[in-house]
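Annotation comment: Swiss-Prot describes Y92, N136, A137, E138, N195, Y261, Y365 as substrate binding site, evidence class similarity to another entry. Swiss-Prot lists E196 with the feature active site, proton donor. Taken from Swiss-Prot, the feature N-linked glycosylation site covers N202, N406, N423, N446, N455, N588, N622, N704, N759, N772, N778, N913 (among others), and the record attributes it to sequence analysis. Swiss-Prot lists C267-C316 with the feature disulfide bond, giving similarity to another entry as the kind of evidence.
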Amino acid sequence: MKSLLKRLIALAAAYSVAAAPSFSHHSSQDAANKRELLQDLVTWDQHSLFVRGERLMIFSGEFHPFRLPVPGLWFDVFQKIKSLGFNAVSFYTDWGLMEGNPGHVVTDGIWSLDEFFTAAREAGLYLIARPGPYINAETSAGGIPGWVLRRKGIIRSNSEDYLRATDTYMATLGKIIAKAQITNGGPVILVQPENEYTTWPNVSESEFPTTMNQEVMAYAEKQLRDAGVVVPTVVNDNKNLGYFAPGTGLGETDLYGIDAYPMRYDCGNPYVWPTYRFPRDWQHEHRNHSPTTPFAIMEFQGGSGDGWGGVTEDGCAILVNNEAVRVVYKNNYGFGVRVFNIYMTYGGTNWGNLGYYGGYTSYDYGAAITEDRQIWREKYSEEKLQANFLKVSPAYLTSTPGNGVNGSYTGNKDITVTPLFGNGTTTNLYLVRHADFTSTGSAQYNLSISTSVGNVTIPQLGGSLSLNGRDSKFHITDYDVGGFNLIYSSAEVFTWAKGDNKKRVLVLYGGAGELHEFALPKHLPRPTVVEGSYVKIAKQGSAWVVQWEVAAQRRVLRAGKLEIHLLWRNDAYQHWVLELPAKQPIANYSSPSKETVIVKGGYLLRSAWITDNDLHLTGDVNVTTPLEVISAPKRFDGIVFNGQSLKSTRSKIGNLAATVHYQPPAISLPDLKRLDWKYIDSLPEISTEYNDEGWTPLTNTYTNNTREFTGPTCLYADDYGYHGGSLIYRGHFTANGDESWVFLNTSGGVGFANSVWLNQTFLGSWTGSGRNMTYPRNISLPHELSPGEPYVFTVVIDHMGQDEEAPGTDAIKFPRGILDYALSGHELSDLRWKMTGNLGGEQYQDLTRGPLNEGAMYAERQGYHLPSPPTSSWKSSNPIKEGLTGAGIGFYATSFSLDLPEGYDIPLSFRFNNSASAARSGTSYRCQLFVNGYQFGKYVNDLGPQTKFPVPEGILNYNGVNYVAVSLWALESQGALIGGLDLVASTPILSGYRKPAPAPQPGWKPRRGAY
């Protein structure tokens, strides 16, 4: 048996190491192909980054400040990411939102990054800045401003008119980022120019990048360098082909990174895991592409999204759930990833029409942190377990990944084991998963490995290990627990910490009912059980071996100064590892030299510090919650939670404990259907008296668009400066009596709709689908027209956002508006067209809320969606009880006050439903929801899927007056009413979060040039 075991271990190691050479430690700035560094605070070798000389695993979460337009809440999100055990955040900035007006980059109010940088520094998170200029990110046009779309040059090419268009924005953002670099005491440690720049039409993978593509990347890098950016640059190659890696020439970046989404996007079938993108050899790919830099994944799938007519983000959360996190994230660790960014960790909201047509208002993304900033999804806790393990495992950072081989180390071909071999350390790590990673079945196995006490097969005390369906585990050997050697453990490490008086506390966990085993050197005292039962302890050779079956009740053992907690995974979820503040310049940033506390504390613990004889904690609870200090670097006798001293006691094993009492607060929310609503017609354009003199005449006889127009003039909205929200066209003609039909081919993006009137006569609507970007149709005219009389078509089109694009395709330029038209009995030139979008187009007036927040509807052009419009002359009408009796657009407004209790985070949402009995609630209609001027919901009744629209505190005034407006667009002749609209609260959370200042909410005033 012993010889068979030796052969099995040797064979497994041979297979594993075959293509896994060890690298000698050297700094990449010494490599021949490495450019000279511009600073010395962020450096690297082939294994990892060094920040201020300390080797760090960069574990990052993606979070976009523009998707949460309340700067006072950014710190809350940062703290929740920090509490995951992450040490960084990656963020995009959206050029299209900041420079909607050419040459005018808005950087104040919600568009200022100052508070973002301050909050990151205070929370202790490094930042990876990604200013684009193209960002993708499910944003309209991928973040390219609408005015750039009408330029002749190909987007993302070296065309001079495109490159010059980026200059003002990149210079402005570059200076802002440069000021916030680590070299200036800020949090920014990496910068990414461009985004997923990896293809070009008619250029093969082997030919890419061409010189032109290299020039584009080099131009973006130079813009940043010229602005003062000195931290390393990084690329995110979504093809994983080595594009722009160090040493590749013009356009190369300092660090090479990839991005990948192996779980794909089928949120409608979330239990079916796709297999065709599951990676198996990334460690080799990286060695081929960039052997002198650490393996970096700059975007990895943290959720997914769906579109109009699809499913809600809940399905996306199931697709990339805690099981997927366990399997596919750990697969990445098997490749030795050392810079790891999860896209998204907090998604936020596509408010104000900022999204592309493939998504609805929510950008929850099924992420670990929900759109309304809650952390109840299990994958939040799973990510916390993983990040904290890697944080306390320096051996991982220099380990050499081997090959994952079916049957290696276990003899079970249904199981794949991927080793990571100690490279300068004695620690080896073994990642175990199903050979079929999608398997939902369970497998039994024994693990045969080499340790410092010889070759062993785990478990040694009988039984077998088990791997449940869609699971993956770290097994470790000769793992350093602050000077104590953990010879092996089949249970996973959550964390370990240094306590007072040279004590070490180790936390292990496993799944319910699993058999696990660990071993300690025999020179330690025999482990004793000080809490719990049913633990088997035996001496095997030169080791103490401990075996147990995971249960809800924890076990605690001691072996001299080493204390081991054996937890059920779901109990480990309730534990938090909090870094204590250090001296500058580390302060709240992560560092392997920092002291930590481990506290069992329920829903969320945010921060900790020790003063005198007290441990101060900030955190959140949603039920009465016991606190227990599992480990701390010094002894203290009191616990202060959110500024309140708690009654503390000592547990049987000597841990300090206390209880945070939770009392649900009394909450009073308005009944929206009982409020006094005011109404104004928002489609006066179909009245006989309407004068469109102030509208934009569509007289351009040319376009730079890749799609040629067919009429005498171009009708594309982008060519006239209108880029989002909604569009209204008016086509004037004089009748000749031969009119019987009109043909219209309209474009609004997937999910769009349109309605058409001839004078005051409703001709019908296209109500939209989850597939059509455009819709051509012939419309019969209902009656004969009077020859010689003037007529006008009014066409309302919903603008769902521009597309994203692969480089060079110019897909984002595909026009919105009327593409083609014809009128029977007439030449095309007989119709004279005008249009409007948002008031002023690119010269938009509400700089506070950005260029896309408004559309073409009359009430929006007048600014009536802003607080305190002149409603005294409007009639009273309720959109929920009364609504519209015919096709058209109504605008409804009301106000209410809130007075929610201090000290609680109370997520609020507006919820639409069509459960009312009135027939008109089941017709096709669309609503926009404006809250204190911000458009925070686009509701499509018959298409969906979104019915619930979270609105954060700071947009809603939790202690003050709120102005809410709803546009109601009835697409059918019988009209529409809103079946139901409620303001609802999620469970109030007793919170240590910082109450946010309201986002800027400038109110209504008469608008210059409004029509």
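Positions of Cβ are set from backbone N, Cα and C atoms, glycine also.
Annotated features, which come from Swiss-Prot, shown on the structure.
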residue : record                      : Cβ contacts under 8 Å, 6 or more apart
E138    : substrate binding site      : G305, N350, G355, Y356, G358, G359, Y363, E804
E196    : active site, proton donor   : N136, N236, D237, N238, D259
N202    : N-linked glycosylation site : none
Y261    : substrate binding site      : R277, E299, F300, Q301, S304
Y365    : substrate binding site      : G302, G303, S304, G305, E313, C316, M344, G347
N446    : N-linked glycosylation site : T410, G411, T457, I458, P459, S464, L465
N588    : N-linked glycosylation site : R121, E122, A123, G124, E579, P581, A582
N759    : N-linked glycosylation site : I686, T688, Y791, V792
N778    : N-linked glycosylation site : W741, V742, F743
N913    : N-linked glycosylation site : T947, G979, G980, L981, D982
Among the recorded positions N136, N195, N455, N772, point out the residue whose Cβ has the most other Cβ atoms within 10 Å, with all shown protein chains included in the count.
N195
Measure from the Cα of Y92 (substrate binding site) to the Cα of every one of the recorded positions C267, N406, N423, N704, N772, then give the nearest.
C267
Counting only residues 6+ away in sequence within the same chain, which have a CB under 8 Å from the CB of N704 (N-linked glycosylation site)?
R150, R151, K152
If we check Cα distances from N772 (N-linked glycosylation site), which of the recorded positions N195, C267, N406, N455 wins as closest?
C267
Rank aside, I only need the closest one: which of the recorded positions A137, N195, C267, N423 has its C-alpha nearest to that of N622 (N-linked glycosylation site)?
C267
Listed in sequence order, residues with CB under 8 A of N406 (N-linked glycosylation site) and six or more positions away:
K413, D414, I415, T416, A435
Three states by DSSP: which one describes C316 (disulfide bond)?
helix
Using C-alpha positions only, work out which of the recorded positions A137, N195, C267 is nearest to N423 (N-linked glycosylation site).
N195
Same chain, 6+ residues apart, C-beta under 8 Å of the C-beta of A137 (substrate binding site), given in sequence order:
H64, Y92, D94, G143, N195
With every protein chain in view, what's the tally of Cβ atoms within 10 Å of the Cβ of N423 (N-linked glycosylation site), excluding that atom itself?
19
What does the structure give for the C-alpha distance between C267 (disulfide bond) and N455 (N-linked glycosylation site)? Integer Å is fine.
45
Per DSSP, to which secondary structure element type does N406 (N-linked glycosylation site) belong, with helix, strand and coil as the options?
strand
